[in-house]
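Now, the feature entries from Swiss-Prot:
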ACT_SITE  Glu268  active site, proton acceptor
ACT_SITE  Cys302  active site, nucleophile
BINDING   Gly245, Ser246, Thr247, Glu248, Val249, Gly250  NAD(+) binding site
MOD_RES   Lys35  N6-acetyllysine
MOD_RES   Lys56  N6-acetyllysine
MOD_RES   Lys61  N6-acetyllysine
MOD_RES   Lys142  N6-acetyllysine
MOD_RES   Lys351  N6-acetyllysine
MOD_RES   Lys358  N6-acetyllysine
MOD_RES   Lys366  N6-acetyllysine
MOD_RES   Lys390  N6-acetyllysine
MOD_RES   Lys409  N6-acetyllysine
MOD_RES   Lys411  N6-acetyllysine
MOD_RES   Lys424  N6-acetyllysine
MOD_RES   Lys434  N6-acetyllysine
SITE      Asn169  site 'Transition state stabilizer'
Amino acid sequence: SAAATSAVPAPNQQPEVFCNQIFINNEWHDAVSKKTFPTVNPSTGEVICQVAEGSKEDVDKAVKAARAAFQLGSPWRRMDASDRGRLLNRLADLIERDRTYLAALETLDNGKPYVISYLVDLDMVLKCLRYYAGWADKYHGKTIPIDGDFFSYTRHEPVGVCGQIIPWNFPLLMQAWKLGPALATGNVVVMKVAEQTPLTALYVANLIKEAGFPPGVVNIVPGFGPTAGAAIASHEDVDKVAFTGSTEVGHLIQVAAGSSNLKRVTLELGGKSPNIIMSDADMDWAVEQAHFALFFNQGQCCCAGSRTFVQEDVYDEFVERSVARAKSRVVGNPFDSRTEQGPQVDETQFKKILGYIKSGQQEGAKLLCGGGAAADRGYFIQPTVFGDVKDGMTIAKEEIFGPVMQILKFKTIEEVVGRANNSKYGLAAAVFTKDLDKANYLSQALQAGTVWINCYDVFGAQSPFGGYKMSGSGRELGEYGLQAYTEVKTVTIKVPQKNS
C-alpha cells in the first residue's frame with residue numbers, strides 16, 4: 001500500500017560491502033585456493049565486488065569447525081535451550097537494526113525492488129527467526145507408558161552438522177528459513193550461499209557473531225554448486241543436507257546423500273503451480289491476485305502460479321484484463337519506489353527465459369503482450385502473457401522462473417483437477433471461487449503441499465511449506481519444520497516396580 005511504502009526509509013543505492021570472504025569459526029578467511037568470483041548487479045550487468053570462492057577444502061574446514069562446536073560438553077551443547085532462543089531473538093534484533101542496509105544490499109545483489117526487500121523479505125526474516133526462537137525450549141519428548149516394569153521416554157536431539165544450500169531468489173529469507181529451526185533445536189550449520197547473491201547472507205554472518213553464537217555453530221561458504229555444494233552433499237561427516245533450488249539439482253543432492261553416508265535430506269524444489277479461476281470468482285480480485293501470483297519477485301518463485309486455468313465463460317474477460325494489468329506493470333530501477341519489477345537475477349536466467357518465450361511462440365501459444373528484453377542494459381524482461389496455452393506445450397510443463405504468464409482454458413471442475421494434477425510438480429495450487437463446495441472439493445483434490453483459496457503467496461512462519469512429488473520432500477516453517485532437524489531417541493529404564 002502507499003502508506004506502507006511511504007514509511008520505508010530511503011535506501012543507500014550504493015551500499016558498501018563489508019563481508020565477501022568465507023565465515024568459519026566466527027572468523028573471516030580467504031579461500032584455501034585464494035580464488036575469487038565476481039558478484040554482479042543485475043540492473044546494470046556490472047561487477048559489485050569479488051567474493052572468496054569456497055570449494056571442497058573450505059567445506060572440509062567448515063565441517064571440522066562445526067563438528068568441534070557440536071562435541072559433547074561444548075558451550076553450544078551445554079547451553080540452556082531457552083538461551084538458544086535468546087540468541088535467535090538477539091540475531092533478529094540485530095537484523096532489524098540493520099534492516100535498511102540489508103534491504104538495499106539485497107536489492108543491489110538480487111535486483112528485487114527495494115520496497116519489497118524492506119517490507120516483505122526483511123519482515124518475514126524477522127518473523128521467522130522470532131518464531132523459531134520461541135520454539136527453542138518448547139519442542140521436547142514424552143514419557144510413555146510401556147508394558148512391564150520399565151520407564152520409557154523420548155528425547156528430541158539435534159541431528160548434528162547440517163549442510164544447508166540456499167538459492168538466489170530470496171537470499172535472506174531462505175537463510176532464515178534454514179537457520180531458524182536448525183539453531184532452535186541445537187544443531188550446527190555449514191551453509192552454502194548462492195553464487196549470484198552471496199552478499200546479504202555473509203553480512204548476517206557478522207551479526208551471528210555479534211549476537212553471541214559460539215564459534216563454529218554457523219559457518220558460511222560462498223561458492224558454486226558443482227564444487228562447494230557437491231562437497232556438502234557428499235560429505236561423510238555432514239549429518240543432514242537441506243536444499244532449496246531446482247528439481248534438477250535436487251536429484252543430484254539426493255543421489256550424493258545416498259551414495260555417501262545416507263545423510264538425512266530435505267528438498268524444496270521447483271514447481272508449476274496451477275491457479276484455478278472459477279467463473280464465479282470475484283473478477284477484480286482474481287485478475288490482480290493471478291498477476292501477483294506469477295509476476296511477484298520477477299517471476300522467480302518456486303511456487304509461482306505459472307499455469308493460470310480459467311473457466312471458459314470468463315476466459316475472454318480474464319485474458320483481456322490480465323493483459324492490461326501486465327502492460328501497466330512498472331519495470332525499472334529497483335531502487336525507485338514506483339518500480340514493481342526489477343531485473344532477472346543474471347544473464348543465464350535472462351537468456352533462458354527469452355528462450356522459453358521463443359518456444360511458446362513456436363509451439364503456437366498466443367503472445368498477447370511482452371515477449372522481449374525491457375531495457376538495453378541489465379537483465380530486464382517485459383511482463384509477458386501467453387493465451388490459448390495447451391497442456392502439452394513446453395511453457396505449460398517446465399518451470400520458466402520469469403515474468404511469463406500462461407493462461408489455459410477449462411470447462412468443468414473435474415477436467416481442471418485432472419489437468420492441474422498432471423504435472424511432475426506439486427508445490428502449491430490456488431483456487432478463486434465464491435462457492436464453498438468448490439473450494440473444499442478442490443483443496444482436497446489438488447496434489448500440492450499448499451493450497452491457497454482466494455489468495456496467493458500467503459506465508460506465515462507458523463504454517464508449513466513444502467512439496468508433493470518432484471517439488472521436494474520434508475516441510476519448512478511451523479512446528480513441522482522442526483522435525484527434519486531432530487532425531488527422536490527412546491530411553492527405556494528398568495524400574496523395581498511400575499505403578500500407574
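Residue positions begin at 1 at the first shown residue.
In case you wondered, yes, glycine gets a Cβ from its N, Cα and C as well.
Projection of Swiss-Prot feature records onto the structure.
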residue: Lys35; record: N6-acetyllysine; DSSP (3 states): coil
residue: Asn169; record: site 'Transition state stabilizer'; DSSP (3 states): coil
residue: Gly245; record: NAD(+) binding site; DSSP (3 states): coil
residue: Gly250; record: NAD(+) binding site; DSSP (3 states): helix
residue: Glu268; record: active site, proton acceptor; DSSP (3 states): strand
residue: Lys358; record: N6-acetyllysine; DSSP (3 states): helix
residue: Lys366; record: N6-acetyllysine; DSSP (3 states): strand
residue: Lys390; record: N6-acetyllysine; DSSP (3 states): coil
residue: Lys409; record: N6-acetyllysine; DSSP (3 states): strand
residue: Lys424; record: N6-acetyllysine; DSSP (3 states): coil
Nearest of the recorded positions (Glu248, Lys358, Lys366, Lys390) to Glu268 (active site, proton acceptor) - Cα to Cα: Glu248
Proximal residue to Glu248 (NAD(+) binding site) among modified residues Lys366, Lys390, Lys409, Lys424 (C-alpha distance): Lys424
Rounded inter-Cα distance in Å - Lys424 (N6-acetyllysine), Lys142 (N6-acetyllysine): 38
Cα-to-Cα gap, Ser246 (NAD(+) binding site) vs Cys302 (active site, nucleophile), nearest whole Å: 8
Which of Val249, Cys302, the listed recorded positions, has fewest other Cβ atoms within 10 Å: Val249
When distances run from the Cα of Lys61 (N6-acetyllysine) to each of the recorded positions Lys142, Thr247, Val249, Lys411, the nearest one: Val249
Lowest local Cβ density among Lys35, Lys56, Lys409, Lys434, which the record lists as modified residues, within 10 Å: Lys434
Using Cα positions only, nearest of the recorded positions to Lys142 (N6-acetyllysine) (Asn169, Gly250, Lys434): Gly250
Additional residues surrounding NAD(+), by Cβ distance to the Gly245, Ser246, Thr247, Glu248, Val249, Gly250 centre under 8 Å: Phe243, His251, Leu252, Ile253, Leu269, Gly270
Nonlocal residues around Asn169 (site 'Transition state stabilizer'), in sequence order (Cβ under 8 Å, 6 or more apart): Asn110, Asn297, Gln300, Cys301, Cys302, Val345
Fewest Cβ neighbours within 10 Å, where candidates are the recorded positions Glu248, Glu268: Glu248
When distances run from the Cα of Lys351 (N6-acetyllysine) to each of the recorded positions Thr247, Gly250, Lys434, the nearest one: Thr247
